[in-house]
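Peer 1: I'd like to ask you about the structure that follows.
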């Protein structure tokens, strides 16, 4: 039986396909991303194990921490004379440290730019609505829909913020406190509803579905995957719906395609091509450093909002939907113009401010703890310089970059692992130390096998500006951390090192490890020229102020490198 198309126009068909794809992307992005990230972490764990035939065995683990230190031979022989490394509280200068001031200044400029862009989007959306529905033209209505169209400014500002705390709730309360009274004053909403609930229903209709997507993808661990998963799910939903219509109504029934069938096929192919072009454009912009991972996520939020408004306006026909896309086009155009003129989100490039590289070392095994630390750290530090680390399953999702996710999807993740000295040289030569045009530096992670992580540690520790080592959970069962302490003491002045400790840190083990590191420090170690060597520590008790104290301590420890700025 031939499909009845009396009540289905090509336009309604296209809207239906887009709507199904939109719903699938909005509701399916989080579970699909979570599943893929779980698989990604398992591959990282598998890749860390030595598996190549003929691979050299892993270096022997450090001796038991309760045993006396054994001096190295050759160039690593301990210098005569015992050196004692003290443990002291890290310096915590005032919040006016130049590095922190720079981070906040860059962040505030980024927030202001997106506030302006979001305001333009809201004003454009309100203008389009009044053009489509001229009967609603009124100044209060215009302001009400401008506020409805710009609500994404709030999560955008929060995503760019350098600090966390209670103030996000105040920002949301401020937005709803201004928007809801304006909606009642303008009397917006469907006339079929009671006047008391009409504005609230309009608010839910305009904000609800995009907000679900924002909440589902707002976590840092989702950024490396959702930029691709969202568009792909939208394409899959639309294409599958078109395929079901064609297969169920034509192929299985043995009917030839009529005009309606060809329209379904054309709409599905068109949406597939559009989604493919979008993904390619995202990849190119990221690889060219026009946009970083956070900006990609923010722009995807605004795209989801723009598509939702377009679907709402599609009831007025193709013209309404076409006009509904204009605010997003204007937003992207203004942003690219700013980036094209090298006016970054953090202001113009300042050659006088060199990037400060930070190496993050940690006790493996506590995923939630490590993830929270990386979030607190990168929230500010990526406005100052790059962050380097050796990856492990605990932070695999947090540090996942779009290009790495593409390699994972294409089955090429194995090629990213460093398995020998030549591979390490190649990876270090290609570290991304330049600032993106959106103002932030990137996180560089080295995927090392068990046979190469110690060599990678030496190379990273020797060429960084400040080192943060998370010693929470450090016990005699963590010989790898003991090795990290030894190499840090051997290669860097302790004034450049900040450690995090808490009640889970075994103080006896830490003391033994520091004594061992001092005994094994080679004659070339900065330890021997330090008149009062001390490991500076931050006591971490999960309080909100700990992140600010950590940043202050790192800023005090960081030495601005006297070298030409990369790139």
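Every residue number used here counts from 1 along the chain in the order it is shown.
Glycine too: its Cβ is placed from the backbone N, Cα and C atoms.
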Peer 1: Looking at 199-218, 359-378, 379-398, which stretch does TrEMBL describe as transmembrane segment?
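Peer 2: The listed stretch tagged transmembrane segment in TrEMBL is 199-218.
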Peer 1: Of 225-252, 421-448, which span is tagged transmembrane segment by TrEMBL?
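Peer 2: Per TrEMBL, the stretch marked transmembrane segment is 225-252.
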Peer 1: If TrEMBL is the reference, give me the range from 64-83, 84-103, 264-283 marked as transmembrane segment.
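Peer 2: My reading of TrEMBL: the transmembrane segment range is 264-283.
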Peer 1: What range among 319-339, 466-486 does TrEMBL record as transmembrane segment?
Peer 2: 319-339
Peer 1: Are there residues at least six beyond either end of the transmembrane segment (295-313) with Cβ under 8 Å to its Cβ atoms? List them, or say none.
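Peer 2: Here the qualifying positions are 15, 18-19, 22, 25-26, 114, 118, 121, 125, 128-129, 132, 149, 152, 155-156, 159-160, 205-206, 209-210, 213-214, 217, 222-223, 226-227, 230, 282, 285-286, 320-321, 323-325, 327-328, 331-332, 335, 345, 402, 436, 438.
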Peer 1: For the transmembrane segment (319-339), could you work out the same-chain residues 6 or more beyond its ends whose Cβ comes under 8 Å from its Cβ atoms?
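Peer 2: Residues 15, 113, 117-118, 120-122, 124-125, 128, 131-132, 149, 290-291, 299, 302-303, 306, 309-313, 437-438 contact the transmembrane segment (319-339) from elsewhere in the chain.
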Peer 1: Could you pull out which residues elsewhere in the chain have a CB under 8 Å from any CB of the transmembrane segment (167-187), counting only those six or more residues past its ends?
Peer 2: 138, 140-141, 143-144, 147-148, 151, 153-154, 157-158, 161, 195, 198-200, 202-203
Peer 1: What same-chain residues lie close to the transmembrane segment (112-132): Cβ under 8 Å, and 6 or more beyond its ends?
Peer 2: 141-150, 152-153, 156-157, 160, 298, 302, 305-306, 309, 313, 316, 319-320, 323-324, 326-328, 330-331, 334-335, 338, 345
Peer 1: Take the transmembrane segment (138-160) and find every residue of the same chain, 6 or more past its ends, with a Cβ under 8 Å from one of its Cβ atoms.
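Peer 2: Residues packing against the transmembrane segment (138-160) from afar: 107, 110-111, 114-115, 118-119, 121-127, 129-130, 168, 171-172, 175, 178-179, 182-183, 185-188, 202-203, 206-207, 210, 214, 218, 294, 297-298, 301-302, 305, 309, 327.
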Peer 1: In terms of Cβ proximity under 8 Å, which residues at least six beyond the ends of the transmembrane segment (225-252) contact it?
Peer 2: 2-3, 16-18, 20-25, 28-29, 32-33, 36-37, 40, 213, 217, 261, 264-265, 267-268, 271-272, 275-276, 278-279, 282, 293, 296-297, 300, 304, 400, 402, 405-406, 409
